[in-house]
Each structure stands twice: as C-alpha cells, then as structure tokens.
Amino acid sequence: MFTWRCLILWAVLVTATLSAARPAPTLPDQALPKANIEVESHSAHPGDLLQLRCRLRDDVQSINWVRDGVQLPENNRTRITGEEVEVRDAVPEDSGLYACMTNSPSGSETTYFSVNVSDALPSAEDDDDEDDSSSEEKEADNTKPNQAVAPYWTYPEKMEKKLHAVPAAKTVKFKCPSGGTPNPTLRWLKNGKEFKPDHRIGGYKVRYATWSIIMDSVVPSDKGNYTCIVENKYGSINHTYQLDVVERSPHRPILQAGLPANKTVALGSNVEFVCKVYSDPQPHIQWLKHIEVNGSKIGPDNLPYVQILKTAGVNTTDKEMEVLHLRNVSFEDAGEYTCLAGNSIGISHHSAWLTVLEATEQSPAMMTSPLYLEIIIYCTGAFLISCMVVTVIIYKMKSTTKKTDFNSQLAVHKLAKSIPLRRQVTVSADSSSSMNSGVMLVRPSRLSSSGTPMLAGVSEYELPEDPRWELPRDRLILGKPLGEGCFGQVVLAEAIGLDKDKPNRVTKVAVKMLKSDATEKDLSDLISEMEMMKMIGKHKNIINLLGACTQDGPLYVIVEYASKGNLREYLQARRPPGMEYCYNPTRIPEEQLSFKDLVSCAYQVARGMEYLASKKCIHRDLAARNVLVTEDNVMKIADFGLARDIHHIDYYKKTTNGRLPVKWMAPEALFDRIYTHQSDVWSFGVLLWEIFTLGGSPYPGVPVEELFKLLKEGHRMDKPSNCTNELYMMMRDCWHAVPSQRPTFKQLVEDLDRIVAMTSNQEYLDLSVPLDQYSPGFPATRSSTCSSGEDSVFSHDPLPDEPCLPRCPPHSHGALKRH
C-alpha cells in the first residue's frame, strides 16, 4: 500500500508529465545574448570557508580567475579547481572583487563576485549591512589609495532619518557609514556626553566594520540624542540621531474594518477571505464557520455553534492565518464565517457572509479557447492531488479510536498543545472576554438543556497525555486539605514512583485541583499554570512541577510540598516571646532566627526570581505570602505560573488573608498597569521589608487613597529596626521611581551572597523590644491607632552612621521621608 507521500509524489509527476506534453517555447537565435555579465555578493567572517562557483557553458575551453585585476594565486589556503575557488580560514585581506573569465566558441563570459570578509563578529542585527561592503564602496575607497582624505559619509542617504521612535524592548541600531584616509575612528556620545557601555543596563555593541551601534531591549531611560563622531588627523565629522522609546500599550487584537468582506460566488468557485490583524502581544488567529446543531444555530447558553476551519500550527505564520481559502465551494459552504483573534489581553472578531449561486453555462468560445488545454492539465493535476488528500483523510479517520458525537473532531489551541474535545464546541462571541491564559476558550455543548457555566463534569475535557509528566491515578493517595480558594483547592498527598528509577518510593506532594463549582476559566487557568511550569523548568528556589493526572478523571497538578507554610507565617511564628504583636505572646517560638537566617531568606528568594527572570517570567505578585518554606528551610517561590487579569484588579479589595495587593505593587504597575521585571524588583524590596520586620504588614494603617498620593510624591517606608544601612539602601534602590534605575535580580543575588558570606551565624536578633511601628500579624483591625502619628512607617530622620543591630530604634513622630 502506497504511503500518502508516495501518492502525492505520483500526482505531481503526472501533472508535470501532462505539462511537458505542450511544445516548449523557443527564442530566435538573435535573441540569445552574446555575452553575459553577472555580479554576486558574498559576505563571510574570519575563519569561514569561502566558496565561489562559476557557472559554465558546455563548450567552455578555458577558465581564468583574478582578484582585483590580478591573477589569483593558489596557496595552502586557496584552492582552484576549474570552475570553483575555495578559500579556507578566510581573513579580511581576502576581501575584493573576484572575476571568473571563460572562453568558448560561442563567446566569452565574465562573472564577478564581490567578497567582503568582515572583522566584526557575526550578528543577526547585521543582516541589512551587506550593501555597506559593496563593490561600489570599495571602488570609491580605491580611487585615492595614497592620498590624505578627511572623513566623509559614504551613504548619507541612509542617515536622513534622524528621529527614531520605537516601542520598549525593541533593538535599536544607529549607523554612520564613513570613509577616509587614514581610516578614521568612531566614538559615540549620548546627550553630548561620552557614552560608555556601563551607562545603560545591558550595555551596547559597536560594529566598527559597519560604523554602527546596537542597543538591545531599549527602555524609556534610553531616550535622548546619540551622536557619532568620525575623525582622523585630517578632520572630523559628526551626525546626531534622536531616539524616543514609546511604552507598549497592551490591548486586544485590532482587526481592520471591512475585513473579511462578504462574498457572492458561483457554485464550484474558489473563495478567499482576508482578515488583517494588528496586535502587540503575539496573536492567536482562528477561522470559524457558524453551523447548525439539531436545527439550531444558538446553543442553550445563547452562544453560537461554530466549527473551527483553520487554526495556527507550530510552523504557521500570522500572514498565513490571515487568509482563509475555500476551494470548489458548494451550497453547503454558504453561511457566516468569522475571523477570531486573541492575545493575552482579550479577543476580537469580525464576520462575513458567503453566498453561493447556481453556476452559469460555459459558452462555446470558452471551450475553444487556446487556454483550454492548459486548464484541463492543471485541473487534472488538482483533481488527482485532491483525491490523494481525501484518501489520506479517510485513512486517518478510520485509524483513530476516539468516538465523536458529530462528523468532525475539533481542537483548542492550548500553549502549542491541542486539547481535543469529545463534543461539538461553541466559542464565546464576546470580544472583550479575557484571554490571560493565552488560549482560546472553548466549551463543550451540553447534552442537557441547562445553561449553567459551571464545570459539573470536568471529565468531559480530554487533555492530551504528556508521558514526561503523567502519573497514574492509582499511584496518588490524596490526604488532608492544605488550603482552598473560591474555585480551587490544594491537598496533601503521597505519590508513589515519581522517580522512574525508584518506582516504589513514596513522596509527600501537594496536589492542585478544581472544586466542583469551578468554571471553564478556572480550568483554563489551572491548565495554563501547569503548562507554564513545564516550560519554565526546575530550580531549587521555586515550587517545581512533579507530575500531573490528566486522564480518566479530574485534572490534578502535582507540585512540591512545603511543610512550613508561607514565608510570612513562618517569620511571624518565630518572633521572640516578648515581641509585641506576635500571634500568641505566651508560647515559645519554634526556633530562634539569626540575622544571617533572614539574609539567607532574602538571598534564596532573589535566586529564584533571578531564574524566573532568565526564563522571561514576570511574577506580578511577589510577596512573602507567595513564598513557601520547606522542611529544610528552603525558600520556594510559588504562584509564578498563575494567569492574572491585570486589567480588572480591585485596588480596594483585600486578599483572603487581609493583605492589600497594591502595597506590593510598583507605581508603574499601580497607575499604568505596566508589569516588568523591574516592577517585580520593587515587590522584592517590599518583601525584604517583610523579612526584616518578621512578617510585618507594609504601610500599616495607611488608606489606599493616601498610599497613592504618598507614592506619587516619592515617599518610602522607613528602615526596619533590625536591618543594616546597607540592606535598607538595597530596599530603597528597589523602590527607585525610575524602573530602569532599580537593580536587577542578578545584582541583588550578588550583593546578598556577599552579605551572607560576611555575616556571622551567631548574630541573633534582639527583638524583645516593642516594634510598635509595625502591624500585627493578623488582618488590620487597628485602623484608629495605626493611622496615628505614633504609628507611622514613614520618617525623615537621617540614617544612622552605624548598623542598627542590635539596638532599640527611636519612635518616629509622623514625619515623612521623601525619596
């Protein structure tokens, strides 16, 4: 039996044979050129293998290779084999104009090769620089080989655009292509001052061979005037570019008005629908056709029944997805078609109608047209290929073992994975619905008439099995609940055989699952979190994914178990007995913490955040409550894979444990909803404050409205009594108003590592004195006293010169410290 590849190959060969049956067009002899001149450009880097090949006629008699008009010699690096030249371990001196000259009875022919061996390192940003080393420039440079020449611009037309406005995170390149004798030097200024790589985070690259400067991942602080100065001993020239970095404005996809357009075609015609999508975050595009199910176009939940005609694959480009092709349409193809595009912000859609009319009879003139034979040939080939495709589809449909309730099986794109559903699907037509998990939300049609959105039967969803992570349900023993939210819960469990090399080993784990009243959005978020944890990988200081149960039952996500709870409760439980505001002043703390222990906590969290940042993961909710502690006192960051709707944050709503999330948010996240690694650094600074107050609440007693005002005016929290000046300055650096001026997590890890190494294990905290400037360990119920001047966390007292360990800090008196 032929494979489908063989069948398609056979159809193509038949088509080619039919095409070859036509007489080939011929040109008169006088149309043949007597001599052809060709120029090819070749670029290479030092050490590359350079290969030049000359195309020859059959009757060629002699071949001669020259470089810059001089016979090309053969040596230990250069080998000439007739029509081919090979240069091993290329060097910049191998650059030049190569020529292959051939003679034959039919005439002579010369092919030119412009070769540039650049001394710059290979870079993806230099793809547009090939013209800088063209033969024209070399000829210009060679016109005055021994004369003194002041610097000059070689391509001034490429420097006409002076203002460059780009979105944040883009790569910017400024070029000043120049010439001169002797070869001039290049240096760059920013806003009239010397510009060094350490003047910006990430530095910059200079390509001296292409007279350019390259800055990756630009941020607003990169705005300014950039001046290139090209000079030698005979003169100096300069040129200034202006850079404006525009902050990204996240929004759901924008679809071009009027597209797709309505179509009216004859039976058997081909139809093309076009949908133009504009989106800053990567969009996911699907084409849908509205269908009827049991005589109805609308389901019991008032959403239309649709069939997914086209969805993005692994290698599908957005341009390909913007066009829907329908071949040989029938009356059944008539109806409403929808282009639906979504990104991490939301979804948008436009619809169009297809009307199919009876085909008109062909006129006799059409049958006698000179193109008739060609049409028959291509139609025959298309028919054969269509037959092969249909055969393959039928074969695959018969080979599948899954049963469907309707004629087709549809799929949902879920983080580059398909989640097949067992029933006909419906897609929400609400353009403003959230897609924070980055997936299309698809729901199964209900067999009953109930319109409830709840997942009464989560098992209706069939997730694809991932052998790397799948754990049989009979090897998971569920235990007591550890915690729960509105629609999800976490339980303690024992997993058998997580380690493939130790199939009988029992491991304590935590299992995330949905409650019975969870919605499809909750299921989508849980799947998204699981897939995110798979992609991020494992690290000692994050909660790692251990496995999952996705088959034959509800979804279980198996993660590491942290026996000592979250960091905030861990710190509060270890407050000294005499310390005010501890949960139970009469009980003995579980263990006494040293100053080094607290710095170690901060160091471990910074390491985890450094790893997440390296994986391009932005946490958005870093706080002590989202850091878990294992039995061995290892800090593990949790909830980094959660899908969060940042556009619907209730700034005045407390979390389940009474904390206000806004108190950990950076100003740009709070006011403009801009979340970056730098906004996570701000949250880390607040977490540092929590650590050195042993679980204190930030800004106690400060109303949200007042907090907004204080942050805008530059006020910051005062130094905790049990931290050094160096650590407090680290907090203040994290709270810098300009995001680009905050330290990176890499820098924080290095600084904290140094502090840990220099700190003695015996420096225990003297926390027996009241810390009345910090909040109690329970939800804020002291609003009347916390807002008083005696309880303010702000101060304008100058920083002490000596470390504040161990000593009793003076009470502040309501004054404010300005950043």
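Cβ coordinates come from backbone N, Cα and C, glycine included.
Now, the feature entries from Swiss-Prot:
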type	residues	note
BINDING	Leu482, Gly483, Glu484, Gly485, Cys486, Phe487, Gly488, Lys512, Glu560, Tyr561, Ala562, Asn566, Arg625, Asp639	ATP binding site
DOMAIN	25-118	domain 'Ig-like C2-type 1'
DOMAIN	145-244	domain 'Ig-like C2-type 2'
DOMAIN	253-355	domain 'Ig-like C2-type 3'
DOMAIN	476-765	domain 'Protein kinase'
CARBOHYD	Asn76	N-linked glycosylation site
CARBOHYD	Asn116	N-linked glycosylation site
CARBOHYD	Asn225	N-linked glycosylation site
CARBOHYD	Asn238	N-linked glycosylation site
CARBOHYD	Asn262	N-linked glycosylation site
CARBOHYD	Asn294	N-linked glycosylation site
CARBOHYD	Asn315	N-linked glycosylation site
CARBOHYD	Asn328	N-linked glycosylation site
TRANSMEM	375-395	transmembrane segment
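On the structure: features taken from Swiss-Prot.
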residue: Asn116; record: N-linked glycosylation site; Cβ neighbours (10 Å): 22
residue: Asn225; record: N-linked glycosylation site; Cβ neighbours (10 Å): 13
residue: Asn294; record: N-linked glycosylation site; Cβ neighbours (10 Å): 8
residue: Asn328; record: N-linked glycosylation site; Cβ neighbours (10 Å): 13
residue: Leu482; record: ATP binding site; Cβ neighbours (10 Å): 17
residue: Glu484; record: ATP binding site; Cβ neighbours (10 Å): 13
residue: Gly488; record: ATP binding site; Cβ neighbours (10 Å): 18
residue: Glu560; record: ATP binding site; Cβ neighbours (10 Å): 19
residue: Ala562; record: ATP binding site; Cβ neighbours (10 Å): 21
residue: Arg625; record: ATP binding site; Cβ neighbours (10 Å): 23
Revision key, fill the gap. Maximum Cβ pairs under 8 Å to the domain 'Ig-like C2-type 2' (145-244) among 25-118, 253-355, 476-765 is reached by 476-765
**Study point:** Spatially closest candidate among Asn238, Asn294, Asn328, Glu560, the listed recorded positions, to Asn116 (N-linked glycosylation site) (Cα to Cα)
**Key:** Asn238
Check your understanding: How would DSSP class Arg625 (ATP binding site) in three states?
Key -> helix
Study note, to complete from the structure: glycosylation sites Asn225, Asn294, Asn328 vs Glu560 (ATP binding site), shortest C-alpha separation belongs to Asn294
Revision key, fill the gap. Neighbour count check, CB within 10 A, over glycosylation sites Asn76, Asn238, Asn262; minimum at Asn76
Exercise for review: Just give me the nearest neighbour of Asn294 (N-linked glycosylation site) among the recorded positions Asn225, Gly488, Ala562, Cα to Cα.
Suggested key: Gly488
Practice item. To the nearest whole angstrom, state the Cα distance for the pair Asn225 (N-linked glycosylation site) and Ala562 (ATP binding site). Key: 52
Exercise for review: In whole Å, note down how far the CA of Asn262 (N-linked glycosylation site) lies from the CA of Ala562 (ATP binding site).
Suggested key: 58
Exercise for review: Whole-number Å only: compute the distance from the Cα of Asn262 (N-linked glycosylation site) to the Cα of Leu482 (ATP binding site).
Suggested key: 56
Review point. Reported as an integer number of Å, what is the Cα distance between Asn76 (N-linked glycosylation site) and Asn238 (N-linked glycosylation site)?
Key: 44
Review point. Using DSSP, how many residues of the domain 'Ig-like C2-type 2' (145-244) fall into helix, strand and coil, respectively?
Key: 10 helix, 52 strand, 38 coil
Revision key, fill the gap. Of the recorded positions Asn238, Glu484, Arg625, the one whose Cα sits nearest to the Cα of Asn328 (N-linked glycosylation site) is Glu484
Practice item. Could you give me the DSSP helix, strand and coil counts for the domain 'Ig-like C2-type 1' (25-118)? Key: 6 helix, 48 strand, 40 coil
